[in-house]
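Structure first, commentary second.
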Amino acid sequence: MSASGIGSLTTLIKRLEAATSRLEDIAISQSAGWPLEQPDSASSKDAEAPAADAARAPAASSGAPLPPDAPALVAWKEDVVPALSHFQSLSAQVAPLVSQQAELVHQALQEVHELVAMASACKKPAQGMQSAELQSRLQPLQSAHQKVIEVRDQNRGARDLFNHLSTVSEGIPAAGWVAVEPTPGPYISDMKDSAQFYANRVIKDMKNKDTKHVEWARSFMDLLEALRAYVMEHHRTGLTWNAQGQDLAAYQSRSPAPPAPAPPAPAPPAPAPPAPAPPPPPPPGAAAIPAPAASMDAVFSQINQGEGITRSLRKVDPSEMTHKNPELRTTGVVQDAANPSKPAPASKPASLSIKKRTPVKALEGNKWTIEHFENEPHIVVDGTEIGHTVNIFHCQNCVVEIKGKVNAVSLLSCTKTSVLLDTLVSSLEVTRCHDFAAQVTGYTPTILIDSTDGGQVYLSEQGLQTEIITAKSSSLNVSVPAASGEPGELEEIPLPEQIKHTLQRSSTKALAHSEVVQHAG
């Protein structure tokens, strides 16, 4: 190919690149400045040219919601909706108060469905979960979630239904998986475990009285499991967005608004207002920005100008030239064209902050409930009886002293909480706690520790006969009186965490032989 042919090809490529860049600028300016439809703009729309209507048609269609056959929405209808309907149906048969709470659960999951539909049609915001647009869509879900919990908090006197209401209240936070990244599935499992604690109580109390309550408790656990399976299938690492979708702000602004009230009777016409003042002139050093072209003909007209297109550029004043004014290099740019200051980082929205619950210490029947205490150095439970059970939930930085002989004590989801107790008839249970401490001055037959990280158990001389069962736990130590017999001297025993497994094959099947790896020292 000749040199002139290569030069022509290079020139053509540059012109095509310039045209493409110009087309992208026009598309961005149209999508950013698309006006909302106003009731009094009918006359102005009649005056618009057909070409402008045609240019805006693609932008309008892009704001339409995703078709209902999107995979995530179809799976929601097939997997979650049937489980929710079954739960609502059984709730209506159990009690009106339970049915009322179930309706609020339906509203919360409906908000989740709306968020899934939104994500299926939109691109993920650049700020992620800190996006103001996204936070405005999370607020209805937060409100629905709070209403479900308030049903339990406002009806603590309903003893026959307290475990029912607590089952749903502990499980409804699973609906907040849309704001959890990158592991929403395990988050739902944690909420399901919290609800399972109360669901087991419902099953235990009602299995010989009314099996409808048992079926109800299992239906709610099935709903949470269906939600978890759905999330693991379609939103494994967080809410799945549409990479080719529209901007979130555009999706919100084009959603249908509620009908406006009827306007009042028209008033007599007012005198015409004075003409608005002209806009202020641009600063002397600012370069004029050409308005976007009205059509593609204008774009190619500018391209065909060739070298003449540079005539519209402003001549640089010698006072703005850095090679003639070295002091300008220290500032980086000319003073009147300085870059705007960077926006301050967005603060954490209030919708994501965890609302502080009201501390509760109450005796309901034969069950003590102590929950949502923080930084309480001494919580005393007295007036106990041998048939009482003490449940300690969601406490942080607290010390609980239980006086007298009781049946059982349970710690659930507590952090840096210590328990001082005398004697137990049944057992001490510790589940999903972090950095706990328990001291038994008398005797307890069994201590159960499950899914706990960090704990210290202090036993008396009688406690040497206690059985300790652990599962999925780490950093556990047991302190017992030292063999030397010195008063006040304790001997610390670490509980094993490692298990060695060896595989063996017999004549009929293969077996696994497990051996605890003891701590040295």
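Here the Cβ of each residue, glycine as well, is placed from N, Cα and C on the backbone.
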**Study point:** Feature region 'Disordered' in TrEMBL, mapped to one of the ranges 119-161, 205-247, 248-290, 463-505
**Key:** 248-290
Exercise for review: With TrEMBL as the source, identify the stretch among 2-33, 34-65 annotated region 'Disordered'.
Suggested key: 34-65
Point to revise | the compositional bias 'Basic and acidic residues' (314-327) - residue tally per DSSP class, helix then strand then coil | key: 3 helix, 0 strand, 11 coil
Exercise for review: By DSSP assignment, list the helix, strand and coil residue numbers for the domain 'C-CAP/cofactor C-like' (359-495), in that order.
Suggested key: 5 helix, 87 strand, 45 coil
